[in-house]
Amino acid sequence: MQAQIMSAEEFKLELSKKDAEIERLHKMLLIHEEKSNIQIISHQIEDAKPKEEIKHLTKEDVGRYSRQLILPEFGVQGQIKLKNSAVLIVGAGGLGCPAAIYLAAAGIGRIGVVDYDEVELSNLHRQILHTTDRVGISKSMSIAQSCYRLNPSVDYVPYHLQLDSSNALDIIRNFDIILDATDNVATRYLLNDACVLADKPLVSGSALRFEGQLTVYNCNGGPCYRCLYPRPPPPEAVTNCSEGGVIGVVPGIIGSLQALEAIKIASGLGTSFQQRLLLFDALDGTFRSVKLRGRSKECSVCGESPSVIQLIDYEQFCGSRATDKDHQIKVLDDSSRINVKEYWTMLQERTPHILLDVRPIVEVDICKLPHPAINIPFTAFINNVTESASQIVQEVKDLAQKHQPEASASTINVPVVCVCRRGNDSQLAVEKLQKELAGKGVKVLDIKGGLHSWSKEVDPEFPVY
């Protein structure tokens, strides 16, 4: 029997799969070597037991920490307090990396790092403890490895897991100070409630675009997160770094300040932000500190008659996921969608169609499909669906006239194919268009998975952002 001949595209896809497998094996070897070279405490919760109390500094301690030991406000007793302290960082990303390295450098006795995710190439412009050759390995382990190289006298406890209501209290109770270095509302409420129930101070940071914020909750009688925000914001009003972007230095600055506040609390100096919010604007180059309301007597978790006495389902409470990974919605039925390989076939067969790209223009500049497209950013599209639909109908008619000069208005056979980054906004756009163009004979389709699926299934060289 004659062997089937593969096309050039199939060869290209097969080669990319082999390259990916080689890269996976290389990373497995790297992880094995790293684990054998350093002593990192097991990530199991029960292993994070209290250390024996340290009462004196060693010669190495004095040499390593000498520049902070000579500070009158800090001194030997401040360093001993640090060595007897345990700090948990939740989130091993843009905030967690600078926080971890400065806490390790300062000599915190034990540092725990919680993160469910693996290192990705898109992390590296801001998550500065991860490296290119660690892409694909656990973020919590990667941070522990980097910190160990700087200061091997610290105990590192990496937790490669998703923090949720079932495990948060068991983990948090093993630490003295908690840092919220996450990027989603659900985890913020989870950490707040867990810290109130476990009586732990919570150093909270956030960074988005060119702005950053810092405050400390549940510390020395100050307010908790729920005192200020009893109810979560609508999910559609929340933007994270993956969607809104961020300049890498901004989380670096905020994460460093989180480490500073943790060091001040651990050493007995106290925090500057137990009832204040620090606002950083990178474009203006300004820092502002604003006073916050005090603890609320009516607060549902730290008030006089709390209704939250155990952890709840925070994804349900907030109406949003507790991760920043791609979340695929399904608004359309399959008859209104095509996959990327079907669209590739349309291109190969030169099927007449209108490609509608609903990404912002700044994203279109990054990459685009190999077919001329109409660009109407999703926000502009939603704000003026009727005008957008009229523009699209005219484009359809013009193309139909070119390819089907004898066709009547009711037999237009030029589909509109909508694409976006991940296949979510495009579905919403198609849904709106279908309603707006009902009865006009225009077929509107969505590309499943958007450009991410195109890169994964059709063109491995297509950039993913």
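Note that Cβ sites are derived from N, Cα and C of the backbone, with glycine treated the same way.
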Candidate sharing the ATP site with G94, D115, S122, N123, L124, H125, R126, D183, N184 (per TrEMBL), from K81, K139: K139
Enter the number of other CB atoms within 10 angstroms of the CB of C299 (Zn(2+) binding site). 21
Within 10 A of the CB of C227 (Zn(2+) binding site), the number of other CB atoms across every chain shown is 25
According to DSSP, does S122 (ATP binding site) fall in a helix, a strand, or coil? helix
Going by C-alpha distance, which of the recorded positions C227, C241, C420 is nearest to S122 (ATP binding site)? C241
Out of C224, C241, C420, the recorded positions in the record, which is closest to R126 (ATP binding site) when you go by Cα distance? C241
Relative to the Cα of L124 (ATP binding site), which of the recorded positions C224, C227, C299, C302, C420 has the closest Cα? C420
G94 (ATP binding site) and C241 (active site, glycyl thioester intermediate), compared by Cα position, are separated in whole Å by 10
Would you kindly give the Cα-Cα distance separating D183 (ATP binding site) and C227 (Zn(2+) binding site), rounded to the nearest Å? 20
